Amino acid sequence: MTVTFQNNPVSISGSFPKVGDRLPSFTLCGADLNDLNNEDFKGKKIVMSIFPSIDTPVCSKSVKVLQNALMTRSDTVLLCVSADLPFAMSRFCTEHAVANVTNASFFREPAFTERFGVNLNEGALRGLAARAVIVADEFGVITHSELVNEITNEPDYDRILMSL
């Protein structure tokens with residue numbers, strides 16, 4: 001499977017989850033440096049926004065757009081996942097007044113990108129995650145899955161929100 005980065009093909013590996021699948025198990029590092037996993041979000045809908053780095057324009061914009069769109073939804077968690085260290089993600093949220101977001105890093109668990117089918121195998125971003133959004137209901141069943149074809153593009157916000 002491939003995506004593009006600045007219109008150049010980049011191969012990705014792993015199996016990208018599909019609508020109707022159960023959300024794959026994961027263990028990520030939270031902002032407080034403690035582990036986060038599926039059980040921490042039991043009974044909540046999850047919008048998992050996966051991206052290369054919070055310090056890129058499209059990644060930061062998508063976090064802000066989703067945070068604003070989900071601000072009033074107490075039944076939904078916005079889980080932002082990248083290779084960024086938790087310190088960088090916390091800094092971003094403080095500097096940009098982003099709240100109600102759960103930041104998580106796969107820096108301790110690089111196999112996350114394979115398990116979720118977003119591992120960039122080549123090019124300048126090799127080892128980071130492709131841009132994707134996966135929405136799961138309160139039972140852990142996927143209701144939306146989008147692997148963004150061009151890494152520098154934003155996800156389809158309308159489809160994300162309609163899937164909740």
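From the backbone N, Cα and C atoms, a Cβ is placed for every residue, glycine too.
Lifted from Swiss-Prot, the feature list:
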type	residues	note
ACT_SITE	CYS59	active site, cysteine sulfenic acid (-SOH) intermediate
DISULFID	CYS59-CYS93	disulfide bond
DOMAIN	17-164	domain 'Thioredoxin'
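Neighbour counts were taken at the CB atom with a 10 A radius for the recorded positions CYS59, CYS93; the maximum falls on CYS59.
DSSP gives CYS93 (disulfide bond) a helix state. Put simply, CYS93 (disulfide bond) is 12 Å from the residue listed as 'active site, cysteine sulfenic acid (-SOH) intermediate' when counted between their Cα atoms.
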